[in-house]
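Colleague: Just dropping this structure here.
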There are 4 protein chains.
Amino acid sequence: MKSPIPDYLADVLDAVRGIEDGAPADYIDVLARADVSRLAVALATVDGEVYAVGDHDVEFSIQSISKPFAYALAIEDNGLDRVLERVGVEPSGNAFNELSLEAGSHRPMNPMINAGAIATHALVATPGASREARITRFVDVMSRLAGRPLSVDEAVFDAELRDGNRNMGLGYMLKAGGMLDCDPGEAVSGYIRQCSVNVNVRDLALMAATLANAGQQPQTGEPIFPASSVRQVLSVMTSCGMYDAAGDWITTVGIPAKSGVAGGIIGALPGQLGLAVFSPRLDGHGNSVRGVAVCERLSRDMGLHMMDVSQIGRSLVHVLEATLGGGARQDGEDVVPIYELRGAVRFGGAELLTRHLARDFGTSEGQDDGIGTYAGARAVILSLRHTHSLSDVAQRVLRENIRRLHDDGRDVVVIDPSGVLDLAPIEADKRPVAVDDDEAARHHVGGTHCRLVSSREPAD
Amino acid sequence: MKSPIPDYLADVLDAVRGIEDGAPADYIDVLARADVSRLAVALATVDGEVYAVGDHDVEFSIQSISKPFAYALAIEDNGLDRVLERVGVEPSGNAFNELSLEAGSHRPMNPMINAGAIATHALVATPGASREARITRFVDVMSRLAGRPLSVDEAVFDAELRDGNRNMGLGYMLKAGGMLDCDPGEAVSGYIRQCSVNVNVRDLALMAATLANAGQQPQTGEPIFPASSVRQVLSVMTSCGMYDAAGDWITTVGIPAKSGVAGGIIGALPGQLGLAVFSPRLDGHGNSVRGVAVCERLSRDMGLHMMDVSQIGRSLVHVLEATLGGGARQDGEDVVPIYELRGAVRFGGAELLTRHLARDFGTSEGQDDGIGTYAGARAVILSLRHTHSLSDVAQRVLRENIRRLHDDGRDVVVIDPSGVLDLAPIEADKRPVAVDDDEAARHHVGGTHCRLVSSREPAD
Amino acid sequence: MKSPIPDYLADVLDAVRGIEDGAPADYIDVLARADVSRLAVALATVDGEVYAVGDHDVEFSIQSISKPFAYALAIEDNGLDRVLERVGVEPSGNAFNELSLEAGSHRPMNPMINAGAIATHALVATPGASREARITRFVDVMSRLAGRPLSVDEAVFDAELRDGNRNMGLGYMLKAGGMLDCDPGEAVSGYIRQCSVNVNVRDLALMAATLANAGQQPQTGEPIFPASSVRQVLSVMTSCGMYDAAGDWITTVGIPAKSGVAGGIIGALPGQLGLAVFSPRLDGHGNSVRGVAVCERLSRDMGLHMMDVSQIGRSLVHVLEATLGGGARQDGEDVVPIYELRGAVRFGGAELLTRHLARDFGTSEGQDDGIGTYAGARAVILSLRHTHSLSDVAQRVLRENIRRLHDDGRDVVVIDPSGVLDLAPIEADKRPVAVDDDEAARHHVGGTHCRLVSSREPAD
Amino acid sequence: MKSPIPDYLADVLDAVRGIEDGAPADYIDVLARADVSRLAVALATVDGEVYAVGDHDVEFSIQSISKPFAYALAIEDNGLDRVLERVGVEPSGNAFNELSLEAGSHRPMNPMINAGAIATHALVATPGASREARITRFVDVMSRLAGRPLSVDEAVFDAELRDGNRNMGLGYMLKAGGMLDCDPGEAVSGYIRQCSVNVNVRDLALMAATLANAGQQPQTGEPIFPASSVRQVLSVMTSCGMYDAAGDWITTVGIPAKSGVAGGIIGALPGQLGLAVFSPRLDGHGNSVRGVAVCERLSRDMGLHMMDVSQIGRSLVHVLEATLGGGARQDGEDVVPIYELRGAVRFGGAELLTRHLARDFGTSEGQDDGIGTYAGARAVILSLRHTHSLSDVAQRVLRENIRRLHDDGRDVVVIDPSGVLDLAPIEADKRPVAVDDDEAARHHVGGTHCRLVSSREPAD
């Protein structure tokens, strides 16, 4: 069987091929000469599968799509606070090449407009680094993101530099406002070099997928950016990535994104996938016309909109019962409930478990629900066998539940073969007890047999 | 055991109680007189649990928090296209009470600023509806969202109306630009009345949770807004909900939100929860100072940031094998693979299944991976026993996979006791075969015994 | 002989009749229907002569040309300081119907844009005056300016009021900013009524000539506005009268001016003339296309540009000598110099006289020029026989010169048949001596014969 | 006698010495260190007299006061049209160091803001001139304006250049917009050098007086700028010279002006005088605080406001009669009227004469006034003995009057000893007859005796 996914993507490309609106960027000859028939799309999943169709091997200059990655590097090299002193995070409402400094401060509004991107570029690598050091660092990281060595297109660089007066203007303005430490000319030529790195949609899709994958390159597994940087980058892409069409994009496509003047667009859907499209004709905002059309269609067809609430992913809690002793169940005190948490547990799952526990072990005081089902049980088993992960808050809530059950005088045993629960002492010298399987758990609480008495749905 | 969640929320309130910055809105006496010591927070889950601590029963006027809900109503009553002719979706970069019309059109920039909210209010109920009809419709829906009858605070309404010159100015400007059908005075007084509905944090949390729950009220189960409207509303809240601090909010809190001048803030995290805070002192943007602090803390503590990639929720695919015939497995042709999809399956899960199928059933032609493991198998079982839901795209991909497997000459049987798969014919008269359990599936493919041969992890 | 001036004006109209660019205002039907072939020009001199050619009897609504006159009335009725609290004087750089409030204050930028004109209208007549009282006052003054009873065009008024949403919006915004005492609706409808007064170019030329004549109606001689108000009005017309084309107008036409949307334009050249043109087709700024062309041509042909330095009007000083006694002149001490000042003497003339006196009566101390020609003369005659007027500063300088000559011990006699010199005592009980003719002057200084010894040019 | 004018100026300085508001420019050390006690004023008349008091010999950098002069040079070297392609004439409403480009074009708004001044500087001297050539040309002209050799303050130049990032930013922006032909760095450093020329108030007053004197240096008599350039420069100074305080300045001071950041201000009142003040402390607009106060006081005391209508300077027409023949006057036909025009005659005077002629020589046809007083006279004498000058339009009107009198069959003789009337043939071979004195005029028209029969005032 052949996968239908490439066929689907090819269909999407065919559907937009008829769109002939827009024109390639014409401010430099090397972009103006672009073959406007070129069209490509690539999808990379967070586990590293890449689907690429159309002209997926054709290279083009990354241009402004470099901005979010340089921003991530600047955060890594300076810390977020220092970066925020130099570049803001608010949408400017203006075109990408406007100065758009914040009233009061002299900060450019955000790192996705040129002024902000120049200030950002100057923060890459160590303070006082040379232009070469900054570019070397940038190209190195971009190559690791793409999973192959990338390089600068010198023809594009030369042409952009010759035509770089507006960016030079921005650079000197930034310098005048105290937003640049280095020489403005050096910052601008470095920024232009950053924009001249050649990529194809496959590279871009992997870069986007790295953002979607919390900073870890999906294929190599290399942790390239910390999750906190990625969160910042994706947030800024959400509000500022598509220039003054940000609101339109967020309502119709709903994926954090960034476009480049050579015709590329990336989108990164947290936890799911990265996508990239390429087509040289641009609309009035500077975004690829067919690229936008592809993204709208993928978002609609594939339900990628981040506000699409149909994506509700509930963590499930199953409740089973084990009887203690070998005999038939005779009264409540012999029963040990088993609470099983499934999937990637975040606040929602932890809250749901807590709700069960609070009800089932409720005493009359202060509880609406009266005496709980297991008020008399002397032990509890938490099964994390099907729990893929616990978020920080889930971790804290679970540990707090264990502490409270202990305080009530109950034994708590956790079945945790993968070790997702933090076993650090909860208070003083009390450490959660974790075992590897049901048998061990039953043994621990003194039971000899485990049988499913009832599977209760969470909302009962 | 008592739930630790209310204790946690109380701790958060205690932590911000020391913040005494800001001041209540002072443009009308009834707001200026607010008791600034009031502080409350409420959390409502998408399955209807509400946690509320602090002054959760204290009522205050909803003010601008009414805007997203009126927007949802306007979309329902007019269709999105008609609403977009009258109100845009771009952040304005200006204060909430600026006119902020789009250059070219006369549309107010978005429905979260006053001008846009007045134009939106005028679109509630049928065209030509009276002011009373619009307000009746609005209060009725808000009451259903809150799960209790709400009403207008007449003292607030009277005071706001007396002080309503600026809004009247906006109203006449909108009329001049062709953005209002009704009388400007009527639109403005109706809008002011909309803002004067009294609520408490419990009400607001349920309203927000309804958005988070795709438009279905979590406690009553009533479908109040269609999912497509909710997606639009949440998108606009993301980019425009916190006025000119939108970029700051999205990076630090990362939850679609809306604030009101009486000191309320709501946040709605799609698929997870709604939250609401109340504290009357406002910052320079018009947002509750302590309210923002509570939201920042909740987001950080509870991992609620929508760009927090740690939320990666993978749909799992398990592969098992069943042997046909009663004997031991002897060669590939006797084996029927069982592909099990777990959880809420969206594109990611469907793609993962597809990847397995394409590899396992690959022939040499055009496949990188050479001959697949099950290239010789004559049947396939898809188990949806643990599949909670299939998104549209997942549905389409699964059906396309089945079609392709059929085309290869293979039997496909789906174990689907909950009926998540669409059984419409895939082509001509070919309809997927669905059975209720393993036994039936085995029977259907001619096997007599099913045993777990291996459980292969998705990324193998 | 027939005057060539009407012929010249007719030639100018003929020259622009071929221009068919622009279109009449179309926001109300009564303006849209205007007969676009109408064309008229009128010139009124500061002594009341009016030249009017073309459709000079056709009436049209005054529209924005009413603004400078309402501003003059507001200043008269409130004092300039109070008016400045409500309306600024800076060019807005924006279109006439923008709100254009000053940052910080809520003042509209100037009284020539609509927002400023509404605030200005509300300041006409006594505080708390009714709308009728304001309009009655305005129409009364406009009638006195035109020299005939004017009245409101009710059809225009009704249509403008029906279409007045934008102005209503401005009115409510002004009220919200504290810039209006009365009801916004009343201020706006009063303002619209002010704009609906019917006039012809003859009326407008006399209104403009009144401004050019320091506020005195040229034909009736009635002082309508004080000179200080007129100075303020003309200044604001200079910088703000032609909207966002102010800089272009000041460089090419160079006459304080105001245009109206019905196709009228007035220009007022201080001390010289008022002019008015009428042609309904407007350019993109809202100024009459042919009207602008006529004004450019008149300014160029007639040398009316206020920065045209060829207008240098030098006040002349003639120096004559009279000999005392009957005999031939024998030595310096018998000679009495006569200084004759001609024309309208302002600072320049007074300075020139002073320069002569300082040189001619200089002693060695502290004077660059050494001993002056008349250092020995015991008397001086100042002839003001040909002096038309003395400005305040000229008055002060002359009196100070007399004081200093007295202090040097010299007799000073002023020939002043028209009484232009202020005879108030200069110090203590010393009062300038003024006589009516040469004879009396000679008598006074003891001479018997006056003969022109030399006429010295000022720059000698 | 000592002139009271220096004493008056000294009094004005004393009056403002107590003002200690503001602070010297602090962006470069050499300005920040300025001696804030320095205070000077100078007045230069259009005939070259200079009054200078206070620290009139102290030199300071000319800074932005160089802008109007560079603008005049750019116009001379390129023509106005070419300059207007590069720099507009509208007030920007923004601070002097904003980019303020016009929407649509990329022209800076006007030559008085930095961006416009940089574009203007680059237009000085021939296209392709070197930076040195431009500066040499500029310093040479400024020296001729001051009447002494000026030079660049190298310390100021070096400091400004080091701090010149903002101007460099403007320069690159201009280059990007196609508003600069040369290298941006060269244009900016040249502009900074232009601003670093050292001057004192005496120099500045003469520069301003040259503008007031239609471009002719008052002391040397050298024609430095053509009158048309001066008109353009003064117009732009009127609307843009005092930055965003232009409207305030024009209403309170009313003199075309320009200020510089070192504390200088110049004012040029067309046809009257140039003035200059110096005091280093600046207000928020960048204008010298005491300098503004001095200018306000001078304008008020000396009646210098250009909209001050008290300046009405009427050209006078006197009418005398001469009798022909030796006998007593017997009837109208023997009388020859003599029309005498006095002063600098512009349109007003010519119009007044025309009005007299049209009335006095009117026949019944088409004349309101019926048969004129001199309808029977066969000759007319025009006396220009006291006419200082005729403007172009006055020239044309006089010649047209002569033509029409000729057409009526009358002899016209002009007494014109100074030759102010253009004697070119009026039509075909008819040339005005001009004589030198009354005797010759009488002789020409056949009379033998001239006596003053009546002197009629113009408005009779």
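Cβ coordinates come from backbone N, Cα and C, glycine included.
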Colleague: Please pick, from B:Y8, B:Y51, B:Y191, the residue that TrEMBL records in the substrate site together with B:S64, B:N114, B:E160, B:N167, B:Y243, B:V261.
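Modeller: That substrate site, as TrEMBL gives it, pairs B:S64, B:N114, B:E160, B:N167, B:Y243, B:V261 with B:Y191.
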Colleague: Can you tell me how many other Cβ atoms are located within 10 Å of the Cβ belonging to B:S64 (substrate binding site)?
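Modeller: For B:S64 (substrate binding site), the 10 Å Cβ neighbour count is 25.
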Colleague: Give the helix, strand or coil assignment DSSP yields for B:V261 (substrate binding site).
Modeller: coil
Colleague: For B:E160 (substrate binding site), just count the other CB atoms lying within 10 A of its CB, please.
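Modeller: Looking across every protein chain shown, the total is 25.
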Colleague: Enumerate same-chain residues with a sequence separation of six or more from B:N167 (substrate binding site) and a Cβ-Cβ distance below 8 A; give 'none' if the list is empty.
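Modeller: When sequence neighbours closer than 6 are ignored, B:N167 (substrate binding site) has B:N97, B:N114, B:I118, B:V188, B:Y191, B:I192 within Cβ distance under 8 Å.
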Colleague: Excluding near sequence neighbours, so keeping only residues 6 or more apart in the same chain, what lies with its CB under 8 A of B:Y243 (substrate binding site)?
Modeller: B:A95, B:F96, B:M112, B:I113, B:S259, B:H285, B:G286, B:N287
Colleague: Could you find out if DSSP has B:Y191 (substrate binding site) as helix, strand or coil?
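Modeller: It is helical.
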Colleague: Given a separation of at least six residues and a C-beta threshold under 8 Å, show me what packs close to B:V261 (substrate binding site) in the same chain.
Modeller: B:A25, B:L31, B:Q63, B:S64, B:L282, B:G286
